[in-house]
Amino acid sequence: MSALLVLALTVPLLGLVPLLLAGPRVGERAALAVLAIGAGLCVAVGVAVALSGRALQYFVAGLAPPLGIGLRADGFSAAMMGMSALVLALTAFYAMRAPGAGAPRMPPAFFMLLLALASALNLAFLAQDLFTLYVALELLTFAAVPLVCLDGKPGQLRAAMTYLMFALFGSVLYLLGVVLVYGQFGTLDFARLSAALALAPPGWSFGAALALMSAGLMAKAALFPLHLWLPPAHAGAPPAASAVLSAVVIKAPLFLLVRLWADLAPVPMAQAAAPVLAICGAGAILVCGVVALAQVRLKLLIAYSTAAQIGYLGLMFPLAAGADAYWSALAWTGGTLHLVSHAFSKAAMFMAAGLIAEVFGHDRLAGLKGAARVAPLSIAAFGIGGLSLLGLPPSGGFTAKVMLLTSALQQGAWWIGVVVLAGGLLAGGYVLRLLVLALQRPEDGTLPAARECGWRAGIALALAFGAVALGFLPLAPLGFLSIGRPIAWEGLAP
Amino acid sequence: MSGFLTTPPLPISVAPEALLLLAIAAPLALALAMLAPGLRRLVPRLLILAPLPALVAAVAVPRGMSVLVAPYPFRFTLALDGSGALLLGGAALLWMAAGAYACAYMRKDPARGAFATWWALTMAGSFAVFLVADVASFYLAYALVSFSAFGLVTHDDTPEARRAGNLYLALTVLGEAFLIAAFVMLASGTSEANPLIRDAVAALPTSPFRSAIVLLLLAGFTLKMGLFPLHVWMPLAHAVAPVPGSAALSGVVVKAGVIGLLRFLPDGVALPGWGEALTAVGIFTAFYGVALGVTQTHPKRALAYSTVSQMGVVGAVIGAALASGLPGAFPIAAFYAVNHMLLKGAMFLVAGLAMASAPARARQAALIAGVLGLSLAGLPFTGGALAKYAIKIVVPDGIAGFLLTLSAVGSALLMARYAVLVTASGKERQTPPGGILLPALALAALALAVPFALFAPVTGLPLAAAFSGDALAKGVWPVALGLALAGLLAWRRWPLPEVPAGDILHAMGPLAALWRHTLDLAVAADARLRRWPVAATALIALAALLAVVAR
């Protein structure tokens, strides 16, 4: 069973071989097949975790930490792995060479980067020591930056450069934090660190280490006010690339942020830091949400919506660090569910935006009147994905919002509830803006002669329905997500 | 309380559970059929039949029947109670007649398929709000009827329709935010994550969040009903929608707000303060709607303001029930709402008929319009008089009672204005599309007759009670006074300045400016934050801040 973890890391890399050796046509199909197998593996990990009720763990070369590297999948990791692998596989399918002549061609490099992302993401979700995680984050950054500038346009290059520089800035801070932790504890392994932290209360240097690592992660996740690179990078990339960047790539640093503060940091420390993260989250939701309303281009609108939506995770921290076990578990479930459902809906929305832009030849909102006539499936995918952002039932976004609201209410955190509601209003504004325009008739009565590419719109629609399907989870803490918490190596000799 | 509210008048052979589900599923299936190109042509014709299961359910399903359609974790539950059955039956009749009307009215419209889709979705949502019994499904049903109605409002795609549609959509999203906050707080009083509405409301009077919940519920639902100052979308939306769409909006969609109040406020439990406040807002809206309605020059806008006014009356009745805690008052409010539903639907259809006719035919239509208007104003021996009589049971004599009676004067005045506008709305050399006359007449006849069938079961009083000399005298003078006022207005030809539809919206210029200012501010702040030096400093500062607080 635990070999699944290694396979999840290595199988995507196998797909690089045909891409490098065979022609692009064969290579693409091989990449798609490998990503599909990877998705199957991730789902298998989830099933194994759910069936056994325990975390899966694996020691590379049979050596336990601190000598060896340990991989561990608990419920939270398994959920993130399953989500990201599904989105990556569907994106590869979306980017396949379309039979139609008008569809853009994604170069073989795109598929290589996708495979590298799959491996790096799984490493980030599975690794259990701070240095391996650093490696995973760097791999992720170096796979994501070229995605931004695949077409090599000047704007894209500038955006990619900003992204790279800022992410590296974040890496430096993260690495500084790692050094501080190592100096204090002599280990970087999560389980050993938590054991050491349980023995003695940590000093200020551990707090400083956590702060440095968090700031680095927030820079890589583009959490407000560190979002300078996100809008140009996500809006400028080709649609298939934007979909993975917005849906899954920024989720890895957010996942680690949750790991650090919810699983590693002692509770008093987490409670003290939580308001700062929540204020950043609130700023993201409110400022980026309003700025999204002011955009005139569809892809920029979606990119700002991403910058706004990740704020909900920031709002989760004070609620999840609360004293009451049930309400904090509910907030934790809500935050995680939001991460996952946002991934599905955002991938769907970027794909839909790409198809709409193919039909119209641009993505200026004012010129998209009548889009519902020429690209009905894409508009449906955008709308259904958007319903989740709006928080309308049934959707993962609705369930997540109700969980966060309930938890905020029960813990007396009124202001968080108000921000969640305001975020829903703003999301309503930027999602419905396109839908309203799409239903109108263009003033001059002319519509583009081209039609949307049906099967690719179908993929976007499938992702959107993925977000809807998440709405059928019960409105209660999800047991699956707490499998394997707190972090510990099971069956490891002391 | 007997008869209609408690026992089924007809024996039925179909499983009643299935019937409840079918009531919602039939229009939904119709909307889905639009996805199949082969079935698309059939859908507009089937609009007439889609409400049939709902009608049968309203008449034949035993009151108090409840069905758990999908068990935990969904808990999708349907139930039929007295108020729900009244509104469901009335809505089914209106959807049928208006559907037949729409089928003929839109025959030449190239976009009739899209209209039929929105129509079917709105219908499904409206039946669902009257039937669902759990909180989450109510939210879904309410969202379905609200958002689908956008398609009816903006069908004509004129600049006015777009503006009205945008305003409607913005307020709908706002209303949804009010409601989800209220529902989350309500559900926190029960042990379930998705409780039955009944259980959640039972916990309301002792909830620590009682004031916040009631305020949010009132804001969310009165927005849909069009109570002042949240009525601004109504005159705009009703005036621009195609005629059958206006009938559905004014007749049914606004009743989603009524059923919301009836479902989520406790029947028979006094909520001191809130009841009086709702009564006051309702009465003010009742007069406000009339005052603005009489200045209108378009029959549909006059009707829209009349809806505002009438929903004010319903709000005042519900408020009075809350103030006194009188048990069993809510079905009476529903009865008044059904009377308005059918009358207003018929009035829109008749106005549409006149607008599409030659002047001679328009004058004939105005005659029907006048009769319908007299019923709405509560002239004795009409269905409307029965509704007015019934609400007196809830709102006893006193200031509120007197003011409500006085509002009937306003109704009579506004209805006279409406009839005059209908008279003048015919144009030379035009013939109405064939097939719209019959549904309009049928709905008008139903609107006049149905209250007679419902009065005794709803109030538990014999029909004769409403025809006693005392009741007649109380019913005649407001109508007479209203008509006299109308005559005076017509005779002296006082120029009334037409208040632009959306009235106080035009006073909200500063708000719009404030919003634009906020937008500019946020964009400027974002641009500043996204500069390299600022972002780099923010990164370092954030790390330092976290290190300080996490000491």
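Using N, Cα and C of the backbone, Cβ positions are placed for all residues, glycine too.
Unlike curated entries, TrEMBL annotations are predicted automatically.
Residues or ranges marked as domain 'NADH:quinone oxidoreductase/Mrp antiporter transmembrane' in TrEMBL: A:127-422.
Beyond the ends of the transmembrane segment (A:32-51), by six or more residues, the same chain brings 1, 4-5, 7-8, 11-12, 14-15, 73-75, 78-79, 81-82, 84-86, 88-89, 92-93, 96, 111, 114-115, 118, 122, 480, 483-484 to within a C-beta distance below 8 angstroms of the stretch. What TrEMBL records for A:32-51 (among others) is transmembrane segment.
The feature transmembrane segment is assigned by TrEMBL to A:79-96 (among others).
Feature annotation from TrEMBL assigns transmembrane segment to A:108-125 (among others). Same-chain residues lying 6+ beyond the ends of the transmembrane segment (A:108-125) with a Cβ under 8 Å from its Cβ atoms: 8-10, 12-13, 15-16, 19-20, 24, 27-28, 31-32, 34-35, 38, 42, 73, 77, 80-81, 84-85, 88, 91-92, 95, 132-133, 135-137, 139-140, 142-144, 146-147, 150, 238, 240-241, 244, 248-249, 252, 255-256.
Marked as transmembrane segment by TrEMBL: A:131-150 (among others).
According to TrEMBL, the transmembrane segment annotation covers A:162-183 (among others).
TrEMBL lists A:203-228 (among others) with the feature transmembrane segment.
Marked as transmembrane segment by TrEMBL: A:274-294 (among others).
Sequence annotations record features per position, and here TrEMBL assigns transmembrane segment to A:301-323 (among others).
Counting same-chain residues at least six beyond the ends of the transmembrane segment (A:343-362), those with a Cβ under 8 angstroms from any Cβ of the stretch are 83-84, 87, 90-91, 94, 102-104, 234, 238-240, 242-244, 246-248, 251, 298-299, 302, 305-306, 309, 368, 371, 374-375, 378-379, 381-382, 384-386, 388-389, 395-397, 448, 450-453, 456-457, 459-461, 463-464, 466-467, 470. The feature transmembrane segment is assigned by TrEMBL to A:343-362 (among others).
Through the fold, the transmembrane segment (A:374-392) approaches residues 305, 309, 341-342, 344-349, 351-353, 355-356, 359-360, 398, 400-401, 424, 427-428, 431-432, 434-435, 438, 447-448, 450-452, 454, 457-458, 460-461, 463-465, 467-468, 470-471 of its own chain, all at least 6 residues removed from its boundaries and within a Cβ separation under 8 Å. Summarising the annotation, TrEMBL assigns transmembrane segment to A:374-392 (among others).
Under the heading transmembrane segment, TrEMBL lists A:412-436 (among others).
Among the features that TrEMBL reports, transmembrane segment is placed at A:457-476 (among others).
The transmembrane segment (A:79-96) is not in contact with the transmembrane segment (A:203-228), judged by fewer than 3 CB-CB distances under 8 Å for residue pairs 6 or more apart in sequence.
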